[in-house]
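Engineer: Submitted below is the structure of interest, expressed as structure tokens.
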Amino acid sequence: VCTHGCLWKLSVIVVVKLIRLTQLLLRPEACCAYVLMVTAVYWVSEAVPLGAAALVPAFLYPLFGVLKSSEVAAEYCKDTTLLLMGVICLAASIEKWNLHKRIALRMVMIAGAKPGMLVLGFMCCTVFLSMWLSNTSTTAMVMPIAEAVLQQLICTGLADSHDDSETGEAPEEDNEENLDKNQLELLYRNDSAVCVAIEIPNVKRVKMRRDSQYPTKRDHMICKCLSLSITYAATIGGLITITGTSTNLIFAEQFNNRYPDAKVINFGTWFIFSFPIAIIMLVLTWLWLHFLFLGCNFRETCSLSKKRKTRREMLSERRIHEEYAKLGPISYPEVVTGVFFILMTLLWFTREPGFVPGWTSLFEKKGYRTDATVSVLLGFLLFLIPARRPFSSSSSSSKKSLYDDSESDPLAPMITWKDFQRLMPWEIVILVGGGYALAAGCKVSGLSVWIGRQLEPMSGLPPWAVTLLACLLVSAVTEFASNPATLTVFLPILSALSETLHINPLHTLIPSTMCVSFGVMLPVGNPPNAIVFSYGHVQISDMVKAGFGVNLIGVAVVMLAITTWGVPLFSLTEFPAWAMARNVTGSL
């Protein structure tokens with residue numbers, strides 16, 4: 001295996017060197033194209049870590065004379081980096097004080113234990129959390145809670161079948177004993193390697209699952225449906241906000257860098273456009289998964305009537321209530337985190353809403369304050385505010401958990417630097433910075449203009465056809481390559497194409513940015529897929545079958561949005577002045 005891996009990396013390096021030998025004329029466009037190809041090869045092949053590959057422009061651009069070293073370095077830390085840091089501070093506080101678990105369990109309690117409603121409840125809470133946290137973190141948070149419910153379902157079914165085969169009908173105490181014997185404990189694993197004890201299956205149970213050791217086939221289908229619904233819901237939730245996923249941040253920063261006079265992409269406009277998309281996708285994805293795994297009997301799987309609940313559903317519902325009861329009453333740190341969460345959202349929305357003057361109009365100098373200003377300010381305050389209630393002598397005001405700083409130090413803050421470091425995705429920061437550097441090189445060297453000229457034969461296509469082709473191409477490539485890397489490679493090309501065809505760049509860039517998140521057919525498509533696959537309920541064939549439908553749903557809904565409410569929102573019927581100015585400048 002080691003030899004195979006070494007040969008693979010060596011072959012990638014050789015290919016890169018051969019590409020270099022073909023660059024006989026070292027013009028700026030050729031040099032920039034070489035750097036772009038080298039970085040893209042490393043990203044797609046993953047011969048080196050994605051973050052390390054993103055550093056390639058940092059040394060090749062200065063060596064080839066495309067950009068100065070100081071100019072390249074400036075591209076690696078932008079406004080969106082500070083925006084992400086502030087959001088991670090809030091996410092660290094949410095995780096530390098278990099606010100995410102309280103929200104998830106409460107929403108599932110509202111939905112009930114009927115399979116159809118249970119899946120919809122988990123999807124709703126996953127979408128909501130994924131709006132503000134990364135898709136990977138959200139999946140890692142929600143999946144153990146879902147697994148505990150599924151484990152209850154499986155164990156109850158095993159106990160029922162055991163009773164039916166031996167005694168026909170056993171007392172309630174025996175069933176409870178069988179439940180306890182069948183429940184095993186596993187540690188909840190997330191990105192930070194912090195462990196929280198939750199009763200979910202161990203390796204032996206995963207092996208049993210793959211041998212189809214489920215009480216009934218229907219139970220297996222419920223497990224498949226719920227598991228896949230979480231990863232798809234995490235992807236859908238990440239579309240809603242500009243900070244929901246790294247690809248949204250990459251698009252926002254590259255667009256604002258390329259078209260500084262546009263002033264059309266902010267938290268509010270993105271939310272207004274993407275929220276209906278997420279709602280439609282959520283409903284259609286739920287219907288598709290329900291049809292695929294649970295059938296079409298919605299009356300049986302979605303009824304809220306207590307008379308229609310089976311014993312197993314009542315036990316699962318009781319298990320969810322027990323997990324919620326373990327959290328105890330809402331704590332002071334949870335209240336503070338919730339207030340900051342709401343405050344950050346409101347300040348983002350009201351900064352520059354567009355239809356009315358925002359709070360930035362209160363300042364004399366315009367253009368100095370962005371969403372990152374709000375994010376970093378509130379994130380910084382979380383390092384200052386004590387986690388213990390003011391004027392409280394007892395330590396009961398701080399939630400007892402894995403974090404005992406507030407117990408020993410009355411002035412311990414809501415989060416510490418270790419909490420922040422544990423969640424901060426530095427690899428994504430460098431990866432995004434590498435994308436900005438590549439975009440800057442394409443602009444300075446004139447490569448983007450050259451690419452646009454090569455795409456002139458497509459000028460006869462209508463805008464919707466160009467957008468559809470871009471969406472299908474991006475969604476296909478992202479199944480095998482990382483989402484940020486795919487988008488970083490395609491954004492400059494699509495921008496140049498739009499300028500050449502005199503199409504509003506937003507007409508192609510926004511749909512492509514959304515479709516790049518639809519890599520949901522394989523475990524390697526994105527980290528949430530891999531997390532769900534590792535639990536052992538689904539096979540690759542299940543992911544391909546369900547993911548193909550979700551992919552088609554996503555592309556269709558995005559195309560519907562960009563041709564309907566996206567047109568008046570972004571003025572897509574006209575080629576804007578800010579794009580025209582950029583096109584003229586690039587041509588010169």
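Backbone N, Cα and C atoms are what each Cβ position is placed from, and that goes for glycine too.
Bear in mind that the values here come from a model prediction, so they are computed numbers and not experimental data.
I grabbed these lines from TrEMBL:
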TRANSMEM  50-67  transmembrane segment
TRANSMEM  79-97  transmembrane segment
TRANSMEM  117-134  transmembrane segment
TRANSMEM  226-251  transmembrane segment
TRANSMEM  271-298  transmembrane segment
TRANSMEM  327-348  transmembrane segment
TRANSMEM  368-387  transmembrane segment
TRANSMEM  428-452  transmembrane segment
TRANSMEM  464-494  transmembrane segment
TRANSMEM  546-572  transmembrane segment
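Thinking about packing and proximity, how do these listed features fit into the structure?
Structural biologist: If one looks beyond the transmembrane segment (271-298) by at least 6 residues along the same chain, the residues whose Cβ comes under 8 Å of a Cβ in the stretch are 115-116, 119-120, 123-124, 127, 221-222, 224-225, 228-229, 232-233, 236-237, 239-242, 349, 510, 514, 545-546, 549-550, 553-554, 557-558, 560-561, 565-566, 569-570.
Sequence-remote contacts of a segment are chain residues at least 6 beyond its ends whose Cβ falls under 8 Å from one of its Cβ atoms, and for the transmembrane segment (327-348) they are 86, 90, 93-94, 96-99, 101-102, 105, 132, 267-268, 359, 371, 374-375, 378, 381-382, 385, 387-389, 392, 397-399, 406, 414.
Within its own chain, the transmembrane segment (368-387) is flanked in space by residues 79-80, 82-90, 92-93, 242-243, 266-267, 332-333, 336, 340, 343-344, 347-348, 351, 360, 398, 405-406, 410-417, which lie at least six positions past its ends and keep a Cβ under 8 Å from the stretch.
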Engineer: Other than its close neighbours in sequence, what residues sit by the transmembrane segment (117-134), given a CB gap under 8 Å and a spacing of at least six beyond its ends?
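Structural biologist: For the transmembrane segment (117-134), the far contacts come to 87, 90-91, 94, 100, 103-104, 107-108, 110-111, 141-142, 146, 149, 225-226, 229-230, 232-238, 240-241, 243-246, 278, 282, 285-286, 289-290, 294, 301-302, 304, 316, 341, 425.
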Engineer: Given the cut-off of 8 Å on Cβ pairs that are 6 or more apart in sequence, determine whether the transmembrane segment (79-97) and the transmembrane segment (464-494) share at least 3 such pairs.
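Structural biologist: Judged by the Cβ rule, the two regions do not touch, with the required three close pairs absent.
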Engineer: Grab the same-chain neighbours of the transmembrane segment (464-494) for me: Cβ-Cβ under 8 Å, and only residues 6 or more beyond its ends, written as numbers and ranges.
Structural biologist: 36, 40, 43-44, 46, 50, 53, 245-247, 250-251, 254-255, 428, 431-432, 434-435, 438-439, 442-443, 447-448, 451, 458, 501, 503, 505, 507-509, 511-513, 515-519, 521-522, 524-526, 551, 554-555, 558-559, 562-563
Engineer: Sort out for me which stretch, of 50-67, 226-251, 546-572, has the most Cβ pairs below 8 angstroms to the transmembrane segment (428-452).
Structural biologist: 50-67
Engineer: Same-chain Cβ contacts of the transmembrane segment (226-251) under 8 Å, 6 or more residues past its ends?
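Structural biologist: Sequence-distant neighbours of the transmembrane segment (226-251): 80, 83-84, 87, 115, 118-119, 122-124, 126-132, 134-136, 138-139, 142-143, 146, 149-150, 265-267, 270-271, 274-275, 277-278, 281-282, 285-286, 289, 371, 375, 425, 428, 431-432, 435, 483-484, 487-488, 491, 509-510, 513-514, 516-518, 520, 526, 528-529, 531-532, 535, 537-538, 542-543, 546, 550.
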